[in-house]
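Structure first, then comments.
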Amino acid sequence: MAALPEEPAEVVVKPDPDGGVPPQPQPPPAPPPAAPPTTAPAEGEAAAGAPGSGGEAAPPKPAPPGPAASPAPTDRQTLLAVLQFLRRNNLHESEDILRREARLLGEEVAAAALSPAGPGAQGTPGGVAAGASAAPGGAAVVAPPPGKVGGGVPVEDQPDVSAVLSAYKQQGDPALYEEYYSGLKHFIECALDCHRAELSQLFYPLFVHMYLELVYNQHENEAKSFFEKFHGDQECYYQDDLRVLSSLTKKEHMKGNETMLDFRTSKFVLRISRDSYQLLKRHLQEKQNNQIWNIVQEHLYIDIFDGMPRSKQQIDAMVGSLAGEAKREANKAKVFFGLLKEPEIEVPLDDEDEEGENEEGKPKKKKPKRESMGSKSKKQDPNAPPQTRIPLPELKDSDKLDKIMNMKEATKRVRLGPECLPSICFYTFLNAYQGLTAVDVTDDSSMIVGGFADSTVRVWSVTPKKLRSVKSAADLSLIDKESDDVLERIMDEKTASELKILYGHSGPVYGTSFSPDRNYLLSCSEDGTVRLWSLQTFTCLVGYKGHNYPVWDTQFSPYGYYFVSGGHDRVARLWATDHYQPLRIFAGHLADVTCTRFHPNSNYIATGSADRTVRLWDVLNGNCVRIFTGHKGPIHSLAFSPNGRFLATGATDGRVLLWDIGHGLMVGELKGHTDTVYALRFSRDGEILASGSMDNTVRLWDAVKVFEDLETDDFTTATGHINLPENSQDLLLGTYMTKSTPVIHLHFTRRNLLLASGAYSPQ
């Protein structure tokens, strides 16, 4: 079978332009001068190599001042006059910006002011040679050659650090920062209620960037005072970020800091109505508050929409991620969320009716439902991707047998709903000493695997059938290959046991995943590797090395062959079992990728991250097609609905959020858990959503009720306005507590029995 075209491990495949992937650094353009617009230098007057011009530095040798390096005499007189006006009125910041743009030294302005002829007198043609820039003190500073920062210091790991930090050179009077911020705060708090909620989103990004500007420009005392005065005003879900920020107290601290680079390389996104934006713009222009206006233009991306401003409740539901909300354009791409057509397999009607006799009445109710479901899967779903969009493995005979078994089990499946809740069977790991880090259950519920902090992977049989290894090669040669029970004969009865322990990792095992055919098992670890194990021989077949840091999660595709991994290096990787290098690298998250999940049609992958966003990636081309924001803490669980249309996500904030993948909108918020939600699973028919948490509870939610009342009209889709019900308790069908066992995995059997698991933690 042809795999997806392979790409080198180091190459990032088409990162999402809106997704916060750091672009190749360009020196940021200087903010517009605060002087009247007529006085700005004409386009093209900035010489190459000047700060903010974006040009490369020319060799630092003297060059005759030409028209591109210095203003024409008449322009020059006007400029000098304007600069003197700015100086007399103590508008030093605007003077500096204009002087840098015009290539004039400070002494020239002073000399022109003292000259008897005044600014009209002809002076010597000023200007600095290309490759040098005018420093505020008046001395020409030779621009360092490319690749060097700060007068020839080589950049360490990341070549963009200097470009990133240089954005903070445009500074105002440090003593006025508190006044600027307080003034804006007062203005927003006094604004009309309808605008206040939207404009309040500005507080956090402005606070961060003003603080970083003070630190970068070495005003340490002012920065400390600014932080102490205003950090308490920020929303509670930014506390972890503020803790990191408070440790950046010197310019040197900013050089290699990831959080610092995140704030600079990805613009903070705010979604604001046009009315609120005009109100803000008018206020800043009236107050001539250029410092804040510069930050808004340089570091924020304001996604303006037409219509009514959003309410506080609507905003609170969507904000909270490291880089603000997602731009609306980021969720406009078409997503094929439908299911692929099932292959036609004849189901033999053997003793099915006899088995159903005892449960009188049930088969009658269910059979028409099952038949209609079967016929539905044979029709092409209009929202499904083309069958050949990505290469998928062909069905083997054993896969067909398994599908037949699955269909038979489906006829006996319990139809769940508010009146018929599932039974829950809890597998408690005893004496794990808080060392259980991952759990998975096979699709047919015959085996359970645990990943442990002691670097072992342990596989148990949960049926009377014990786990056996294949016989040795010498013994296999004696077996008749044509016999009917060859699959039984090749198994070595001497190796039969309820538990198999797999050794190979050199660090805690954070993720495990069984293949759909139950022949293979994946595990990922702190050691940076993903291992593929055979469940026939219980040995390691391959160690996949692509991540350089801990790998937090891995998962097989529903069709096998492909699998995904995500880790501390902030990227998710798509692999095929027969390739030792990844086929795709999904880059865009601003923090660790903590959980991964394949869409039921295998064409998309969802990733949850510590940057508090969930992203949906297209397997075919590596593009990010959805960005979901709204969680207030790192994401730890993901679950697609069986029909592929919805996604449920759980995080450390204890909330479960529900998303419509086709429209790219949040459609539900389930509140009830008091701790991290580590496990989410839809029932086989999608009618119940089960959630498991560190608060030692399993909760069941009515998924049908959440999704049936959806109003996804054009306006909602265009503006992203959502109206979530105030009380999600109406959707809660039941809460089931354990004595002292956090729930870390949930699994619905083919007959809709719910299996839960976790490690008992003594109080």
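Glycine residues also receive a Cβ, built from the backbone N, Cα and C atoms like all the rest.
As recorded in TrEMBL:
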- 20-39: compositional bias 'Pro residues' (COMPBIAS)
- 40-50: compositional bias 'Low complexity' (COMPBIAS)
- 59-70: compositional bias 'Pro residues' (COMPBIAS)
- 347-358: compositional bias 'Acidic residues' (COMPBIAS)
- 370-381: compositional bias 'Basic and acidic residues' (COMPBIAS)
- 172-300: domain 'TFIID subunit TAF5 NTD2' (DOMAIN)
- 1-74: region 'Disordered' (REGION)
- 347-398: region 'Disordered' (REGION)
- 429-470: repeat 'WD' (REPEAT)
- 502-537: repeat 'WD' (REPEAT)
- 544-575: repeat 'WD' (REPEAT)
- 586-627: repeat 'WD' (REPEAT)
- 628-661: repeat 'WD' (REPEAT)
- 670-702: repeat 'WD' (REPEAT)
>> With CB pairs under 8 Å as the measure, which of the listed stretches 429-470, 502-537, 544-575, 586-627, 628-661 comes out on top against the repeat 'WD' (670-702)?
In response: 628-661
>> At a C-beta cut-off of under 8 Å, are there same-chain residues at least 6 beyond the repeat 'WD' (429-470) that contact it? List them, or none.
In response: 402, 405-406, 476, 490-493, 495-514, 516, 518, 521, 523, 525, 527, 533, 535-538, 744-745, 747, 749-750, 753, 755, 757-761
> Mind checking which residues reach the repeat 'WD' (586-627)? Cβ under 8 Å, same chain, six or more beyond either end.
Replying inline: 4, 12-16, 18-21, 237, 262, 266, 320-323, 326-327, 330-331, 333, 335-340, 384-385, 389-390, 392, 552-559, 562, 564-568, 570-574, 633-640, 642-644, 647, 649, 651, 659, 661, 664
> What are the helix, strand and coil residue counts for the repeat 'WD' (502-537) according to DSSP?
Replying inline: 0 helix, 19 strand, 17 coil
> Any idea what the model's mean pLDDT is for the repeat 'WD' (628-661)?
Replying inline: 93
